[in-house]
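K.L.:
What TrEMBL records for this protein is below:
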COMPBIAS  506-524  compositional bias 'Basic and acidic residues'
REGION    506-537  region 'Disordered'
TRANSMEM  40-58  transmembrane segment
TRANSMEM  70-87  transmembrane segment
TRANSMEM  99-120  transmembrane segment
TRANSMEM  141-161  transmembrane segment
TRANSMEM  173-198  transmembrane segment
TRANSMEM  253-271  transmembrane segment
TRANSMEM  291-313  transmembrane segment
TRANSMEM  325-347  transmembrane segment
TRANSMEM  441-461  transmembrane segment
TRANSMEM  473-496  transmembrane segment
């Protein structure tokens, strides 16, 4: 059964990351947008992909169920890919048509990928009985391996399809987008093929909505009460009139973790620029360079089996929150390394001047060419200086440079190490600190930190107007400041054991049941005394 789900996830991730790998270059070279607009739209799309999971979770839990939600939103996903691919065909309409189709396709893709994001993994977990814990753990390991495998292959293959395959007289973006579209069709077909084997749980109500209702009732109830009302230990306790103590206690635990999430978007603001600013930086060095997907597969076992055990042998206690803070610092250092590369790229720019040549005829001639930003194009210009001499200059619309692509390796190594310590540890920490019924709420909160991180980049790219190296320094400085704040918050955080909460309420329920049984026996014994003696016939 799980083979259908794993193959579906592999194809879907190939589809998403493959399309995204060439998206920024498509904006600049095909739609002829400038770098700031391209970066802003790229991060607006990424942010929307991480806002829509909340909508998908609500639809699945409250209305359609996980299976139907995955089917219907995957169809939306495929339609978005097809529209996006058609928009990349030069013969289809004019530039306005291309922009309209591209934007429409991206919106549909965002709703598709975001909507199924919280459903697929949970649907896979539903296929196992409660006692099959080891089997479920193995499934999730294989599941996340398929995500990384799809990401790695797509970020290698789709740039090759774009650059090495020529169609319509230039780079073949239609093919680079078309192949991910085909993989999404395969993902949908494979998932439907296993329909008869799946365990399909019906919608059971949305926990996120219940949490929001409980919080809203607590605030409303407290606001309506007079000022002289007896104080309660926590503001959420004002919801006790309507909601159970267990639910209120679970929400308290979740809110403590969500409070720690507040500084986290800044990490994602830096991390997600690998697909925008860093891609443009690599392009200015005339290279397409996607190293993160490869390094993540190497770094995860290295950290789990090498780095963390060695740190433990040194008697240094690496708590999850300390790992996350360290990951944030590594991301800031990665942007410092990116700043060095950017400065070298700027310094290395140069132009060439050809020696003048003499011509008897008097004329001026300019040969122009349609240029691709990021690629050095030489435009011969003849200008008349005097009656006997013609000067031939070679101008360049985007200056070449001699900075080697290997200069980008340190920043990718640092950002990937930061991702391992921050992202993977953060998910583990969130799940360990949340009750079983609230894990979906924390998952939604975690995805929202990614969304808000992309919003930060969008604001800076469109509003700051800084030079690229200055922008990198700004982001690095902001993340250092945020990591200090996060470290202080982490210092005062007290780790909890959700299992202890289960035990506490289980014991409380047991005591209540014992009291009920005792009261019932007393009532029965009292009732027997009141029964009149029977008369013999």
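In case you wondered, yes, glycine gets a Cβ from its N, Cα and C as well.
Note: TrEMBL annotation is automatic and uncurated.
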K.L.:
Test the contact criterion for the transmembrane segment (473-496) and the transmembrane segment (325-347): 3 or more CB pairs under 8 Å, pairs 6 or more apart in sequence, then answer yes or no.
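P.N.:
Taking Cβ pairs at least 6 residues apart, the transmembrane segment (325-347) and the transmembrane segment (473-496) are in contact, with 3 or more under 8 Å.
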K.L.:
Cβ under 8 Å to the transmembrane segment (253-271), counting only same-chain residues 6 or more beyond its ends: which ones?
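P.N.:
Long-range Cβ neighbours of the transmembrane segment (253-271): 211, 236, 321, 327-328, 331-332, 334-335, 415, 418-419, 422, 426, 429-430, 433-435, 438, 441-442, 445-446, 448-457, 460, 475-476, 478-479, 482-483, 485-486, 489-490, 493, 496, 498, 501.
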K.L.:
Which of 70-87, 99-120, 141-161, 173-198 shares the most C-beta pairs under 8 angstroms with the transmembrane segment (291-313)?
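P.N.:
Out of the listed stretches, 141-161 contacts the transmembrane segment (291-313) most.
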K.L.:
Are the transmembrane segment (141-161) and the transmembrane segment (441-461) near each other by the rule of at least 3 C-beta pairs under 8 angstroms (pairs 6 or more apart)?
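P.N.:
Result for the transmembrane segment (441-461) with the transmembrane segment (141-161) is no.
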K.L.:
Which residues of the chain, 6 or more past the ends of the transmembrane segment (70-87), have a CB below 8 A from one of its CBs?
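P.N.:
Same-chain residues near the transmembrane segment (70-87) but 6 or more away: 12, 15, 19, 56, 59, 64, 97-102, 104-113, 115-116, 119-120, 123, 174, 177-178, 180-181, 184-185, 187-188, 191-192.
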K.L.:
Residue list, the transmembrane segment (325-347) vs rest of chain: Cβ under 8 Å, 6 or more residues beyond ends.
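P.N.:
Here the qualifying positions are 266-267, 270-271, 277-278, 281, 284-285, 318, 401, 403, 407-408, 410-412, 414-415, 417-423, 425, 468-469, 472-473, 475-477, 479-480, 482-483, 486-487, 490.
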K.L.:
What residues in the same chain, six or more past the boundaries of the transmembrane segment (40-58), come closer than 8 Å to it by Cβ-Cβ distance?
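P.N.:
Distant Cβ neighbours of the transmembrane segment (40-58) are 20, 23-24, 27, 33, 69, 73, 106-107, 109-111, 113-119, 206, 208-209, 272, 275-276, 440, 443-444, 447-448, 450-455, 457-458, 461-462.
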